[in-house]
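What Swiss-Prot records for this protein:
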- Gly170, Asp171, Arg172, Gln173, Thr174, Gly175, Lys176, Thr177: ATP binding site (BINDING)
- Ser363: site 'Required for activity' (SITE)
Amino acid sequence: METIRADEISNIIRERIEQYTREVKIVNTGTVLQVGDGIARIYGLDEVMAGELVEFEEGTIGIALNLESNNVGVVLMGDGLLIQEGSSVKATGRIAQIPVSEAYLGRVINALAKPIDGRGEISSSDSRLIESPAPGIILRRSVYEPLQTGLIAIDSMIPIGRGQRELIIGDRQTGKTAVATDTILNQQGQNVICVYVAIGQKASSVAQVVSTLQERGAMEYTIIVAETADSPATLQYLAPYTGAALAEYFMYRKQHTSIIYDDPSKQAQAYRQMSLLLRRPPGREAYPGDVFYLHSRLLERAAKLSSALGEGSMTALPIVETQSGDVSAYIPTNVISITDGQIFLSADLFNAGIRPAINVGISVSRVGSAAQIKAMKQVAGKLKLELAQFAELEAFAQFASDLDKATQNQLARGQRLRELLKQSQSAPLTVDEQIMTVYTGTNGYLDSLEIAQVRKFLVELRTYVKTNKPQFQEIISSTKTFTPEAEVLLKEAIQEQMERFLLQDQV
């Protein structure tokens, strides 16, 4: 029979005491007072931060937005149907953040960066705060590189630069999203990563954008963040910030990015819903007082970074829908005042068959020719002026019966210039194709053609130059200038093609 040795027992007890570490966890908790309509009011949570994530007993996550004297107003990231009054809530100590990585390219995700395309999880090691401060003045440099959209009307007269914020504004069904998707398609081979954020859109519209991008191989460099019309208001409010965080990840890694918000007015409506339910005082059009800050802190994150930070860029293209052309409503005026210019799409032009329906007269880019290559500046200088004069003359010509020859010629030229700006959807043009198109129009080579023949002639001219004068494209891409040599080549091509075209026409 073994004897029990007291010293061994005491040694074991001493070892166990030494190994014992007592973990004390202090958790900031509260109790649900009221829940409903995507909002919960919590008693307690004394040390919660503004914007901190809180976790409910059944797993729902919320964001603390209203810090009041006797309760905390929390917006829920989900339906919150299982949350009960009296259940406990704990503060997580974290601000909303999302995982980020290269693996997100080609994927469709929601506002919490979770995949919704049914293609499995996305691996990532890094994370970024959904809301992070915009780069300061010293960290930026002025915009000087063009972001080509592939649309002649924009690239020649309302140029967009890398790091700029350009608003696309117009009534519903005027082709706003088409301008944005064409811009994405045109970034193929340009080393630009695109992020498309769909806020409060129909799921069918988002699916259509995804399928267009997939067909053209553009999803390889695109991320789509989608919160459709049936998503909770909180997630619609967060979606643009999620998109911005993903674009920033690439921007700070010395890459060029372009982000499209479609559309911030839906985000403002979601924010208005949340604010009214939180009993914040309503202002103009029932929006809360800080709705300007909602959009300014989002769009200020677009930047062209300085050389010290690697010269990455983030170009923002917000799309805002107007009601029957009223750009003086609250959200449109706010976004116009934040952005560096706007592209107006007109329902009248769209219905008249001018597509893209860009109203060149009232569209503007505040970066201007700094965002154009020299060749485009040389060629497109007088295009906008001629179109503006034509628009004025056209209005006048409706009342005048007998016009002199010079006025008739100017009207004829203007009609042909307007014709050359027309483009099919998903058919962006390269810079050299745009330069030859604009040059042909502004130098009067189209004046002898019927208006109906203009587009056919231009399509054939582009093909002819590509096959018979490849040096033209080489000169433009290597020197970025419209040299005398390039002009001679183009003149030859136009004359040769014009002869062929007129011969075909006679046959």
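Glycine is no exception: its Cβ is also placed from the backbone N, Cα and C atoms.
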Original post:
Who sits close to Gln173 (ATP binding site): which same-chain residues at least 6 apart have their Cβ under 8 Å from its Cβ?
Top reply: Ala347, Phe350
**OP:** Report the member of Thr174, Thr177 (the binding-site residues) whose C-beta atom has the most other C-beta atoms within 10 angstroms.
**Re:** Thr174
**OP:** Counting other Cβ atoms within 10 Å, pick out the least crowded of the binding-site residues Arg172, Lys176.
**Re:** Arg172
Original post:
In sequence order, what residues of the same chain, 6+ apart, have a Cβ less than 8 Å from the Cβ of Ser363 (site 'Required for activity')?
Top reply: Met157, Ile158, Gly341, Gln342, Ile343, Phe344
Original post:
For Thr177 (ATP binding site), what is the secondary structure by DSSP, using just helix, strand and coil?
Top reply: helix
**OP:** Would you mind ranking the binding-site residues Gly170, Gly175 by how many other Cβ atoms sit within 10 Å of each Cβ and giving me the lowest?
**Re:** Gly175
**OP:** With an 8 Å cut-off on Cβ-Cβ distance and a minimum sequence separation of at least 6, pull the same-chain contacts of Asp171 (ATP binding site), or say none.
**Re:** Glu321, Thr322, Gln323, Ser324, Gly325, Leu345, Ala347
Subject >> Cβ within 8 Å of the mean position of the Cβ atoms of Gly170, Asp171, Arg172, Gln173, Thr174, Gly175, Lys176, Thr177: remaining residues of the chain near ATP >> reply: Glu321, Leu345, Ala347, Phe350, Ala357
